[in-house]
Amino acid sequence: MRRSSACAELLGYEQVSLPNIFGHHQLSDSDVMLKSVVVSTRDCSHPQLRVLVCALAAPKCQMSRQHFPCRSLCEEVYDQCREGWLLPPCELLPDTDCWNVKPTTAEHGEDCYHGRGINYRGESNTTVSGTRCERWSEQRSIRPWDYTWANLEENYCRNPAVHPGGFTQPFCVTLNGLEECDIFPCGRHVITQVLLCSTDQGCEDPGEPVFGTRKPAKRFYKLGERVTFTCHKGYRPVSADISATCERTDNNSTRWSNGKPTCEVDNRQKLLDDLLSRNTVGHGDKLHPPGEVDIQFRAYVQKIVEMDEKGEQIVTSTVAQFVSTSILCSYNRH
């Protein structure tokens, strides 16, 4: 039997099998069900609600078998559409050997996640700090056999924590515990201007300043997240703003509160490093401690070159000899 006309643009298969999970024997009944579910969950923000309803109403027929949608898809949609939920409990759907939506890609061509990423099935395995994920089978903080529907395979980023208040995006296990993964959310619209972005949930990576770095280094930042800029050794920031926050604008887009600072050569630091180099006081390649530096010289007048008694000016030839260096250190104690 061919699929319902109401779902023709959403499902990627033609042959369906009835009766469905609602007990419908006619596709026309499924069309009515689709409309009623959409109305009851009109406040649901998940973009794949209609897809789930269609897959339930018109399950795929493959090799004379009925393929219902995977439980993970149901769990993800339910996570954002609890109010007015008219669909069957997600526990009734199969964990494996089921139908699922094709992976979605972001504007950059990389895979992305919807909602909290409960149905994310990509192969990203790096956290926001750049740490490589550990294999799910080699840890015990989240046992894969307790979440057979969540596809906890290899060391891929996943989100089996379907309870409210859990991780808001795919995460993984590291040697230091659980950490969110560095993955883009889907459905973003990026403006091309530097340090401006218009997204549903946050801001793009502002990048590093010239002769500097930023921390944390991520590809995507949520609303309210802050990034701190630091200049390389031998450079200092020109402006006082060395951090920026991802914030919402009046027109409901998002942007960074500040631009990246300009890092210029720190001439004072360079002078101190030159004076305290190996050839001068034997500090080697190490930087001096923080604090004040007192450099003493011994000088004497070698001869008078020119003297203007009326103008009270005198020009002399002077010889100066380096004597010693003392450093008044100041350390912050914690």
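Glycine too: its Cβ is placed from the backbone N, Cα and C atoms.
Because TrEMBL annotations are produced automatically, they should be read as predictions rather than curated entries.
Noted in TrEMBL for the protein shown:
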DISULFID  Cys133-Cys172  disulfide bond
DISULFID  Cys203-Cys246  disulfide bond
DOMAIN    1-101  domain 'FZ'
DOMAIN    111-186  domain 'Kringle'
DOMAIN    201-265  domain 'Sushi'
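In this structure, the C-alpha atom of Cys172 (disulfide bond) lies 24 angstrom from that of Cys246 (disulfide bond). Assigned with DSSP, the residues of the domain 'Kringle' (111-186) fall into helix, strand and coil as follows: 9 helix, 18 strand, 49 coil. Within the group of disulfide-bonded residues (Cys133, Cys172, Cys246), the Cβ with the highest number of other Cβ atoms inside 10 Å belongs to Cys172.
Between the C-alpha atoms of Cys203 (disulfide bond) and Cys133 (disulfide bond), the distance comes to 24 Å. For the domain 'FZ' (1-101), the predicted model reports an average pLDDT of 83. Every protein chain shown contributes to the tally, and the Cβ of Cys203 (disulfide bond) ends up with 29 other Cβ atoms within 10 Å. According to DSSP, the domain 'Sushi' (201-265) comprises 0 helix, 31 strand, 34 coil.
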